[in-house]
Amino acid sequence: QPGQGPGAAVAPLSAGPWSLLHLHLDLRVSFAAAGAGRLQGRARLELRCERDGAGGAELRLDAHPALAVSRAALLPPPGGPGDAAGQTLPVESRPFASYGSALHITLPQAPRAGQLLTLVIDYEAGEGPGVCWLSPEQTAGKQKPYMYTQGQAVLNRSFFPCFDTPSVKFTYSATVKVPEGFTAVMSATSWEKQKDNTFVFKMSQPIPSYLIALVVGDIVSADVGPRSRVWAEPCLIEAAKKEYDGVIEEFLVVGEKLFGPYVWGRYDILFMPPSFPFGGMENPCLTFVTPCLLAGDRSLADVIIHEISHSWFGNLVTNASWGEFWLNEGFTMYAQRRISTEVYGLPYTCLEAATGRALLRQHMDATGEDHPLNKLRVVIEPGINPDDTYNETPYEKGYCFVSYLAHLVGNQSKFDAFLQAYVNRFKFQSITADDTLGFFLEYFPELKEKGVDSIPGFEFDRWLNTPGWPPYLPDLSPGQQLMRPAEELAELWAADSLNMEAIEAVDIMGWRTYQLVYFLDQILQKSPLPEGNVKRLSKMYPKISKAQNAELRLRWCQIVLKNNLEAEYSKVKDFLHSQGKQKYTLPLYRAMWGGSEAARALAMETFSATAPQLHVNVQNYVKKILGLAEA
Ligand code: BES
Ligand code: ZN
């Protein structure tokens with residue numbers, strides 16, 4: 001698959017002629033001056049050559065200019081003769097793309113099919129995008145430094161040398177030595193603390209490189225279920241436990257009922273520092289989440305259900321290339337909403353799905369429907385960073401396509417059974433949409449016979465390869481009972497002269513968070529409202545304008561900016577100071593930059609104050625919005 005690194009460039013479904021049987025990481029983490037640190041590592045790759053002669057005597061791995069390699073060596077076969085320190089090999093780092101480099105290692109001779117090779121690489125990870133070092137001020141507790149890694153999509157090549165493509169799966173293990181007073185956790189099946197502050201991890205199922213993740217910090221844990229605990233800094237652990245105590249297991253049980261066994265053993269959740277750039281990241285056994293989820297009322301559990309759903313879609317059945325990211329995210333959105341329907345009911349789930357559809361609408365309005373990224377199968381040219389293609393399409397158009405497949409089947413339990421069979425068929429593999437759709441037609445031969453893949457206007461090929469609004473939208477009308485009152489109230493607030501009697505007759509105090517979110521999306525769509533209305537709205541609903549819930553704060557800030565309500569600019573600033581999630585940060589900078597002079601000034605002022613605490617990728621995207629970066 002071109003454009004995703006040397007490992008991928010050679011052949012899509014393997015690491016060139018190699019398969020990686022196991023990766024072992026020997027890591028030593030230390031914290032230096034404020035905000036910096038050191039990660040010294042040795043990676044041991046246990047490789048098997050699959051094809052004679054292919055690739056010559058050279059092995060190429062994905063790496064990063066920030067990864068300083070001091071030595072590569074070939075270890076003698078276990079138990080055999082030879083120097084235990086191994087035979088040093090020539091190694092050279094060559095430029096590859098803006099997001100990484102290629103490590104060329106010369107082997108003594110071209111390997112033969114079936115040959116096993118153990119390679120060790122000594123390195124130090126510097127200031128790369130995959131390894132994030134936080135100063136004490138950037139943590140919740142403000143006492144101790146913190147480090148975390150974020151691999152998806154192509155960042156782990158700056159954490160360890162590897163085949164950094166989702167098409168290669170392998171088991172891994174690690175030992176991590178940390179300073180006194182720190183704890184290490186990883187996305188692994190087992191976790192053990194040994195003497196000398198050394199932690200030992202083992203992931204016993206094959207996973208792609210992007211799912212390896214590490215945190216070293218002042219963190220503690222609390223049980224919230226029979227196979228689940230929450231991890232957080234000590235000052236957040238009570239809140240974390242309260243938010244999720246006794247609720248995770250139900251999500252897992254429903255997921256298992258729908259999609260088959262949960263194969264990962266534990267399901268733990270780690271609450272990250274506020275600058276974590278995502279709502280959640282599905283690192284196996286240990287989901288990483290933004291602390292914004294600590295809303296106090298469990299209202300943002302959909303993110304947890306989403307990450308749990310990746311346990312089947314993404315982590316078990318994985319997209320073979322980032323151009324088919326919808327296989328991960330579209331199926332996960334569908335699975336998330338299936339679990340949500342079972343747990344919270346159809347009306348609520350349709351309401352949540354409607355807010356998702358609004359995000360897709362906003363995205364397509366902003367880019368134009370015909371934008372090449374608005375198709376499910378994206379062409380990622382060589383050298384293009386897959387992260388730069390990130391948008392709502394794989395999530396919400398992907399959700400529509402999976403819903404369309406369910407609609408073709410016409411029976412929910414039959415479609416659920418198909419999903420379970422699909423997971424079972426492709427578990428521990430990396431696949432393309434052709435595999436998925438081929439299996440669908442094979443599983444439902446009567447649909448294949450009817451030619452459902454080529455119904456005019458709804459051709460599978462059109463779904464995959466044509467940009468634009470989804471040709472089929474699932475029916476969200478069961479959510480009407482929750483959506484209608486919000487739509488009507490938004491209408492009232494958009495009027496030129498406000499009918500306060502009608503407005504005051506609506507009591508929003510009992511509304512759930514997503515109902516308020518939906519209401520605010522409606523207001524945003526109708527904005528700018530007639531002069532004075534938003535000010536009045538703000539005063540009338542402190543539950544909204546003074547909300548602590550991040551989803552509400554985001555919408556309120558967007559409304560403030562679209563209506564140029566300078567009196568509440570400070571809320572935008574405070575929100576951007578309080579967290580660094582990409583999906584909150586970028587829309588607000590886009591809105592500020594597209595607004596008044598005062599809004600632009602607010603953007604500049606806020607960015608110069610908060611830039612150091614943002615993830616480097618998010619920093620760069622904001623710079624682009626503000627015209628501060630080279631093209
Ligand atoms: N896997 C993604 C996060 C991700 C995507 C990280 C691409 C890096 C590159 C995760 O599962 C996700 O989609 N998170 C969403 C949650 C939401 C859809 C419920 C998020 O962070 O907003
Ligand atoms: Zn996801």
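Here the Cβ of each residue, glycine as well, is placed from N, Cα and C on the backbone.
Given the structure is predicted, the values throughout are model-derived calculations rather than measurements.
According to TrEMBL, the residue from E329, E342 that belongs to the Zn(2+) site alongside H306, H310 is E329. The subset of binding-site residues (Q152, F278, G280, E282) lying with their Cα within 10 Å of the Cα of H306 (Zn(2+) binding site) consists of G280, E282, given in sequence order. Note: F278 (peptide binding site) has non-local neighbours Q150, F288, T290, K581, Q582, K583, i.e. same-chain residues 6+ apart with C-beta under 8 A of its own C-beta. Rounded to a whole number, the C-alpha distance linking Q152 (peptide binding site) with H310 (Zn(2+) binding site) is 13 angstrom. The DSSP breakdown of the domain 'Peptidase M1 leukotriene A4 hydrolase/aminopeptidase C-terminal' (481-626) into helical (H, G, I), extended (E, B) and coil residues amounts to 109 helix, 0 strand, 37 coil. When the binding-site residues Q150, F278, G280, E282, H306 are checked against ligand 1, F278, G280, E282, H306 have a Cβ within less than 6 Å of one of its atoms.
Spatially, by CA atoms, the recorded positions E307, H310, E329, Y395 include one closest to G280 (peptide binding site), and that is E307. Under DSSP, Q152 (peptide binding site) is assigned to coil, being neither helix nor strand in the three-state scheme. Around E282 (peptide binding site), the C-beta neighbours below 8 angstroms that are at least 6 residues distant in the chain are L211, E307, H310, S311, G314, N315. Shown in sequence order, G314, P394, Y395, G398 are the residues of the chain, 6+ apart in sequence, with a C-beta less than 8 angstroms from the C-beta of E329 (Zn(2+) binding site).
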